[in-house]
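Accompanying notes for the structure given below.
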Amino acid sequence: MVVKSIKEKSSSFFLYFCSKGFKKPASLQQGTKGNAESSEQKQPGGWKAMPFILGNETFERFATIGLLSNFMVYLMKKFNMDQVSASNVLNIWSGVSNFAPLIGAFISDAYVGRFATIAVASVASFLGMLTITLTAWIPQLQPPQCPAEQQLHGHCTSPSKAQLGVLLTGLGLLSIGTGGIRPCSIPFGIDQFDPTTEEGAKGINSFFNWYYTTFTLVILLTLTLVVYIQDSVSWVLGLGIPTLLMAASIVLFLIGTRIYVHVKPQGSIFSSIAQVFVAAYNKRHLKLPAEGQEFGVFYDPPLKEYVLSKLPLTYQFRFLNKAAITTKNDLEDDGFPKKWWLCSIQDVEEVKCLIRIIPIWASGIISFTAMAQQGTFTLSQALKMNRHLGPKFQIPAGSMGVISMLTIGIFLPVYDRIMVPSLRKITKHEGGITLLQRIGIGNFFSILAMVAAGVFEQKRRNSATLHPGAAPISVFWLSPQLILMGFCEAFNILGQIEFFNKQFPEHMRSIANSLIFCSLAGSSYLSSIVVNVVHHVTGGHGHPDWLTKDINAGRLDYFYYILAVMSAFNFLYFLYVAHRYRYKGQVRIERKSEPDVELSSM
């Protein structure tokens, strides 16, 4: 259900993006045929390359998601960490892993290309998974096992520095792998098709369908089968299976080397962004012309080959316009502008697109902080609740995230097929509601989710107090907060993905997609900060802190209410910045031997 809803909406959007936002690069090479043969004579790898590319991406996700979904339980049970320490490790690692794709995209685009980036990153992921698996397999790499009663009272032996070092080394290698594979796998898959042909366009559409299909299957398998094996059979087996699959994916990926289309790195957009700021600073003393008198003042050359959408000159953030003012010493003898001294209007307006979006992007950090609790304290709650289905089967705590996934899978088809057409009749808007409105609804659901989490945690705690030593309340009392989290994700994350991609020029969409990972990284770090502040500030005078080792003695519900208040202020902030946001302009341009390209803002 997740696949059906996401692929119908996203694949159609990406198909439009790929057919209008990509050209067949002049630097196209297939296999080892790097000769003077023109790109038009080379046949893309097409579907022959897909088993290798999709297999590599699928197994990387299998490894990282399989570890992340149940990793807090592993740290608490195998490394004798309390829930605050385990939460900090998880949040910091998640933050590093979500920032890493930004660096990986830069290295790939500017220096080594996508194939080499994915290959090296895959090896790093395998070594990371192997290291984590060894910590479960070799007793010397983990502290002595501790009975649950001693762990509850904090009498367990903590991991040594060497044991923590091995664990963190494995996590670091996994982050390197994530940073290389995630930003490159989709573009590398698109490289295998020629979007200028009907067959290539259909191939891209099917590629996204298969991409989301495999992604959903990975989530289902990791949250059910893998988590069950880890929780009920063996951590060594539960971690070893993804490790072996990751090794197999490397072999598959390398086998397809001669089939792939290889696109040479074209340089990174980050350098041009920096040049705009430097040039504007260098010309800070120049005076800007009055509106309507700009002709001949600004540098406005023809668009570069890979740029398809021309952005008009705007007067928001006017100080940046100085970077495009031409002076007599700004051009080299060959007519090209001097770097760091002169930028085109297009370069300046692309930087403005990034600046405009930053306030909207920042609002996602607090909203995602609420969602981050699914992998930390929600698991702590589940461990203290009745997880039995029948007399023999017990639901693994790490499998509770399936509820959020099912919510998304059920809701999105209803939203796309029923709600959007009905809203379109009222609002006359193509999407029923604007993307900013969709993001705002997601932010509001983050408030509701944290309020529900606090209410039901209070109910769980009261039940545990009345029945000490037992877990009479069902784990399905966590469903309301997880369902609301699913709604938050369906509106917020998917809304932000589409918003960022539509508000950036086509060739800057690598930055647009990286912003989502940066939001998730920021939310992980913010969550870690809030957890540590609450842990050290609350309690005292004979009372435990709110996030003490025994959550029955703590006040986790108060922690959730803090997050709800933060989300409420974040919602007000979002309403303010959304009201002030100015959408990207549109310019109709014509190219010889090419169809007209028109940029739509929303």
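If you go along the chain as it appears here, the first residue is 1 and each next one adds 1.
Cβ atoms are placed via backbone N, Cα and C, with glycine included.
Note: TrEMBL annotation is automatic and uncurated.
Keep in mind the model is a prediction, meaning the values are calculated, not measured.
Annotated in TrEMBL:
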TRANSMEM  88-108  transmembrane segment
TRANSMEM  114-138  transmembrane segment
TRANSMEM  210-229  transmembrane segment
TRANSMEM  235-255  transmembrane segment
TRANSMEM  354-373  transmembrane segment
TRANSMEM  393-415  transmembrane segment
TRANSMEM  435-456  transmembrane segment
TRANSMEM  476-494  transmembrane segment
TRANSMEM  515-538  transmembrane segment
TRANSMEM  558-578  transmembrane segment
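Of the Cβ pairs linking the transmembrane segment (476-494) with the transmembrane segment (88-108) and spaced 6 or more residues apart, fewer than 3 are under 8 Å, so the two regions do not touch. As a quick check, the transmembrane segment (435-456) and the transmembrane segment (114-138) miss the bar of 3 or more Cβ pairs under 8 A, pairs 6 or more apart, so the two do not touch. Counting Cβ pairs closer than 8 Å and at least 6 residues apart in sequence, the transmembrane segment (210-229) and the transmembrane segment (235-255) reach three or more and so form a contact. For the transmembrane segment (235-255), the most Cβ-contacting stretch among 114-138, 354-373, 393-415, 558-578 is 114-138 (pairs under 8 Å). Counting same-chain residues at least six beyond the ends of the transmembrane segment (114-138), those with a Cβ under 8 angstroms from any Cβ of the stretch are 56, 60, 63-64, 67, 74, 78, 104, 107-108, 163, 166-167, 169-181, 184-185, 187-188, 191, 235-236, 239-240, 242-243, 246-247, 249-250, 253-254, 257, 260, 262-263. Using the rule of three or more Cβ pairs under 8 Å, pairs at least 6 apart in sequence, the transmembrane segment (88-108) is in contact with the transmembrane segment (515-538).
Each of 393-415, 515-538, 558-578 was scored by its Cβ pairs under 8 Å to the transmembrane segment (354-373), and the highest score goes to 515-538. Listed by sequence, the residues of this chain that lie at least six past the ends of the transmembrane segment (558-578) yet keep a Cβ under 8 A from its Cβ atoms are 359-360, 363, 366-367, 369-370, 373, 377, 436, 439-440, 443-444, 446-447, 450-451, 453-454, 457, 530-531, 534, 538, 546-547.
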